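Here TrEMBL flags 253-280 as coiled coil. The domain 'Major facilitator superfamily (MFS) profile' annotation in TrEMBL covers 64-493. According to TrEMBL, the transmembrane segment annotation covers 60-90, 102-119, 131-149, 155-176, 188-205, 217-240, 342-364, 371-393, 399-427, 439-459, 465-486.
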Amino acid sequence: MGMAGVQENGHGEMGLSDFPLGSKNKYKRMDSEFINYDGDDDPLHNYHQLEKRKKSTRKYVYGCAVFASLNNVLLGYDVGVMSGAILFIQEDLKITEVQQEVLVGVLSIISLLGSLAGGRTSDAIGRKWTMGVAAVVFQIGAAVMTVAPSFEILMVGRILAGVGIGFGVMIAPVYIAEISPTIARGSLTSFPEIFINLGILLGYVSNYAFSGLSAHISWRIMLAVGVLPSVFIGVALFIIPESPRWLVLQNRVEEARSVLMKTNENVSEIEERLAEIQLAAGTSNTDKPVWRELLSPPPALRRMLITGIGIQCFQQITGIDATVYYSPAIFKAAGIEDESELLAATVAVGVSKTAFILIAIILIDKVGRKPLLYVSTIGMTTCLFGVGITLILMKEGSISIALAILFVCGNVAFFSVGIGPVCWVLTSEIFPLRLRAQASGLGAVGNRMCSGLIAMSFLSVSRAITVGGTFLIFSVVSALSIAFVYKYVPETKGKSLEQIELLFQDEYGFQGGEVQLGDVEHLVQK
């Protein structure tokens with residue numbers, strides 16, 4: 001349907017749905033059948049009308065997920081483009097190795113401030129307008145970086161960009177999880193990871209495309225191109241609706257019902273879903289401040305925090321950002337010397353990382369979150385070990401180059417199949433409604449902090465114990481992540497956000513009984 005179906009929804013927002021909403025909707029549930037009250041009782045006609053509504057609803061929800069994920073392109077682009085731009089920045093501004101590490105890693109460290117502030121901001125002004133704040137702050141930072149005459153000014157731009165990215169990576173999965181129907185929540189909440197990967201690929205392509213320019217100009221153009229996605233975010237804010245769950249928290253129930261009418265295929269379930277959200281919002285109402293509850297959590301919330309923050313940290317301490325940021329250094333250690341060949345090899349890494357996430361999108365709501373995590377963590381452990389052994393035991397040459405590229409591409413592919421997207425899906429769906437934004441922000445803080453620490457120490461550690469030795473350490477950490485998934489991550493496939501809360505109330509379900517594989521009914525009955 002695309003943009004052709006854009007219409008006003010009655011609350012000052014634009015919609016993509018081409019079906020009437022609210023009390024005027026002509027579909028009504030009766031005896032488990034949808035009856036069309038437009039004067040035509042032909043069952044075949046009614047069936048076609050229902051299928052038409054389903055297709056329209058799917059397009060609308062997918063459109064919202066795409067627009068909400070645009071901020072994540074900024075993070076991915078920065079990760080990808082800095083792997084090549086840093087070579088030209090070093091040549092142009094004559095920065096030291098330590099300054100390179102700080103320049104690369106500071107964005108992740110500073111983005112944790114954005115993630116911390118993003119939770120409270122989204123609770124105050126809404127999920128979608130927090131996305132707008134993220135885009136504006138990043139644009140300012142990118143503009144400063146583009147014209148920076150010195151390392152100090154460049155750092156100012158990186159800090160601003162980091163704050164904007166922190167807002168963006170925290171809020172997108174929360175927003176998508178809150179507007180998505182249960183049956184498609186996993187695949188839709190994976191969209192931000194798709195766009196991170198797309199951004200990384202675009203960053204690699206940008207490196208290769210502008211590498212022929214002078215050192216003074218090339219890195220500035222590479223960084224300036226990153227402003228473009230944030231322009232589309234401004235347009236998106238007038239198309240996507242606000243989260244229905246946030247609207248309920250603000251006692252704007254009719255607006256929440258209107259959004260649910262556009263995002264749920266089955267009209268009869270809308271009142272039931274709205275009642276669930278109102279119940280969750282009601283049970284969450286307490287005089288205890290959110291941050292006090294997060295710092296002194298009851299047992300169920302403690303389990304959620306262990307799972308959410310733990311999986312976010314493991315996503316990064318296995319070295320994925322170091323692999324992407326410093327892939328030219330890895331391939332140089334394997335024997336590639338020409339800069340153009342180094343950048344071309346990194347494009348292969350970007351293609352692998354982007355292509356394999358499509359597998360996760362297809363399977364996450366079919367086979368579940370936990371099986372994908374097992375495949376991902378086991379595969380990453382194997383590939384990280386392979387990179388380490390290749391760089392330590394094999395001499396520089398065509399075989400070591402081929403194996404290094406194979407294992408690095410394999411590592412990012414396994415990352416994209418599981419822990420890359422699933423990590424964000426889990427942290428957006430396991431927390432109670434009142435705590436969701438700020439608790440997800442804590443998870444994003446752990447993610448960004450680990451990313452920054454790895455990125456800022458990789459070159460120094462590699463110089464001390466070699467690049468191969470560093471990857472052997474990553475492989476050990478990745479092996480620990482397998483044990484973490486087994487013990488602390490329950491299966492959430494096919495459950496509503498409100499049912500997942502019940503899952504963590506039950507210690508048996510949390511620790512790995514059959515209930516976590518889909519048998520949530522007995523929890524609901526308790």
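Cβ atoms are placed via backbone N, Cα and C, with glycine included.
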Contacting positions for the transmembrane segment (131-149) when only residues 6+ beyond its ends and CB under 8 Å are counted:
68, 70-71, 74, 114, 118, 121, 125, 156-168, 171-172, 175, 220, 223-224, 226-227, 230, 233-234, 236-237
Are there at least 3 C-beta pairs under 8 angstroms linking the transmembrane segment (155-176) and the transmembrane segment (439-459), leaving out pairs fewer than 6 apart in sequence?
yes
May I ask for the residues of the chain that lie six or more residues beyond the transmembrane segment (188-205) and have a Cβ under 8 Å from a Cβ within it?
61-62, 65-66, 68-70, 72-84, 169, 172-173, 176-177, 180, 222, 225-226, 229, 324, 343, 346-347, 349-351, 353-354, 357-358, 360-361, 364, 416, 420-422, 424-425, 428-429
Mean pLDDT, the coiled coil (253-280)?
80
Are there 3 or more C-beta pairs under 8 Å linking the transmembrane segment (60-90) with the transmembrane segment (342-364), counting only pairs at least 6 apart in sequence?
yes
Closest-packing stretch to the transmembrane segment (60-90), where packing means Cβ pairs under 8 Å, from 102-119, 155-176, 217-240, 371-393:
217-240
